[in-house]
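**Student:** This is the structure I want to talk about, given as structure tokens.
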């Protein structure tokens, strides 16, 4: 592999609540060190602009189009990322010259894998100018060009983490990493480092939309609202009978593929409780499409902080002989893992290593990806 690089990863997920930042040192294969991490929340007004951006993006037919508010939103989003990077570096006493590359995810506003169309707002050239650091961005597009779904991309990082955990005997295999973000996704690491990955269903997005619409708050903190309700079986079955869960061919999801319940379908508490169950049950049902039954689930993402989701996931997984662990039980950071992954992927991109595989996105062959925006004053190169 190449020399070890210091990379910063930037992630703004489907929950649209803020920017996660993390540092990773890697040669593109092994993870040499996981450094500091932090989160920077968006203010409510900017979150509303992002929601409007989702609506404006519905009319996009080509990746480069920016109808409605999207051009201004992309610039403002990028500048907020640049400010977050500067704050993060200052808070952690890191000089920009000591960072080799930034992996910039941007904000997904449209994802239509059936049309080979994915749009992440984020101006890599502007971010490189504002931070003085090389930026790798737009990492999903090349996968789609080669027949992939454009998601998930994190499995390459999960595989690197699993190698490290297996060496010290901390987990039983096969292991499945579960990321419960707005959408939940699974990464299966089997014998011989076989990697299979796909989206598993709604994560937090339906719960977030439900409680925001009916309680005026952005999310159900810790699952407190859900803990006061009961599972409405008819409503849960309506979601779990969706063809997505039974289809043999797995596909990536957009946050609009599942809609929250109608106002009259449930009380606030019962709705939150039922949707938490759907998240957990969707994970276990989707895992039945894997090559072998998981022995260990490692859970990361914001959903692991919802006690009701985790309780249901423990019960459902244990009924099938699997153990469920939060990332922190293995000295991993469940909040920053996606940002860490984007740092890792940026280094792999710089070394032209694969980001995606046939078993993760359905791409025709292992492919690299990402576009490089060099910091001002030089053409970026890796030596």
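Even glycines carry a Cβ here, placed using N, Cα and C.
These came from Swiss-Prot, pasted as-is:
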type: BINDING; residues: 13, 14, 15, 16, 17, 18, 19, 20; note: ATP binding site
**Student:** Please classify the secondary structure at residue 19 (ATP binding site) using three-state DSSP.
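**Tutor:** The residue in question, residue 19 (ATP binding site), is strand (DSSP, three-state).
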**Student:** Same chain, not part of 13, 14, 15, 16, 17, 18, 19, 20: whose C-beta falls within 8 angstroms of the C-beta centre of the ATP site? Give them in sequence order.
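**Tutor:** Going along the sequence, the neighbours come out as 11, 12, 42, 182.
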**Student:** List the residues of the same chain that sit at least 6 positions away from residue 18 (ATP binding site) in sequence and have their Cβ under 8 Å from its Cβ, in sequence order, or write 'none'.
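**Tutor:** In sequence order, 12, 39, 40, 41, 42 meet the Cβ cut-off.
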**Student:** Report, as a single number, how many Cβ atoms besides its own are within 10 Å of the Cβ of residue 13 (ATP binding site).
**Tutor:** 24
**Student:** Given a 10 Å Cβ-Cβ cut-off, pick out the one of the binding-site residues 17, 20 that has the most other Cβ atoms nearby.
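**Tutor:** Result for the most crowded candidate: 20.
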**Student:** Around the C-beta of residue 15 (ATP binding site), how many further C-beta atoms are within 10 angstroms, looking at every protein chain?
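**Tutor:** Residue 15 (ATP binding site): 20 neighbouring Cβ atoms within 10 Å.
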